[in-house]
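Reviewing the structure listed below.
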């Protein structure tokens, strides 16, 4: 996300210092590591990691299951990451704008309460990851680099918001049964297949429409060509609808998981390369 912010800034002719970008990258990596480590700790303590079906896209790593004695070490590592994040956030706020404290505060709330609280609030659960990667990380990074917010940066952040929300939304499918067991409530569980599916489709369409708006705002013709991402999105939507029709209870098994796996893989590809293609186009 900081690299995407830097690409947009460069396209707009804004000068930035490599050291600032390096600090932003460290912040992004620490935030990602901290929320995942917090999740690993709490999923190990709740027993969720022991009952999830592990896939390349979901189920957690289970890394702490055989090393429960190391939970204390993991907790200290998490606290160290958060402490460094707070120091970096205070530095950016002092150097650029106190408004950045809002971004940092939201980020810390997402990190600390994602597993324990947010996963039990379906709509908040749906938007949490996208909020962290889009508005908080990308828009926050742009603000640090450029010194202020910008409409194009906000649009780019919203594109990432919808993409990441879709990534987590589909990755929840293999964990449905296990999540129910420990009290997690995502949109699949709370609102059913049909509503969750159309939320997925809406997010795909929203990201494409926002791309067109971004192209118009920046007067960048190459960005219009990136609407080709709508083709794999359509493929996902069609095959996901068929999978949900064939498995209305969303019960994952070793027999039907291979049918779902290509859809999950395509979702990951889109999440990685859609924003990357935008950033690359901005660097042309």
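Backbone N, Cα and C define each Cβ position, glycine as well.
Here is what TrEMBL records for this protein:
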| type | residues | note |
| --- | --- | --- |
| TRANSMEM | 77-94 | transmembrane segment |
| TRANSMEM | 99-117 | transmembrane segment |
| TRANSMEM | 123-145 | transmembrane segment |
| TRANSMEM | 152-170 | transmembrane segment |
| TRANSMEM | 196-215 | transmembrane segment |
| TRANSMEM | 222-240 | transmembrane segment |
| TRANSMEM | 260-283 | transmembrane segment |
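Sequence-distant contacts of the transmembrane segment (152-170) (same chain, six or more residues past either end, CB-CB distance under 8 Å): 1, 4-5, 8, 12, 57, 126-127, 129-135, 138-139, 142-143, 146, 186-188, 196, 199-200, 203-204, 206-207, 210-211, 213-214, 217-218, 240, 263-264, 267-268, 270-271, 274-275, 278. Sequence-distant neighbours of the transmembrane segment (196-215) (same chain, 6+ residues past either end, Cβ-Cβ under 8 Å): 126, 152, 155-156, 158-159, 162-163, 165-166, 169-170, 186-188, 221, 223-224, 226-227, 229-230, 233, 236-237, 240-241, 244, 274, 278.
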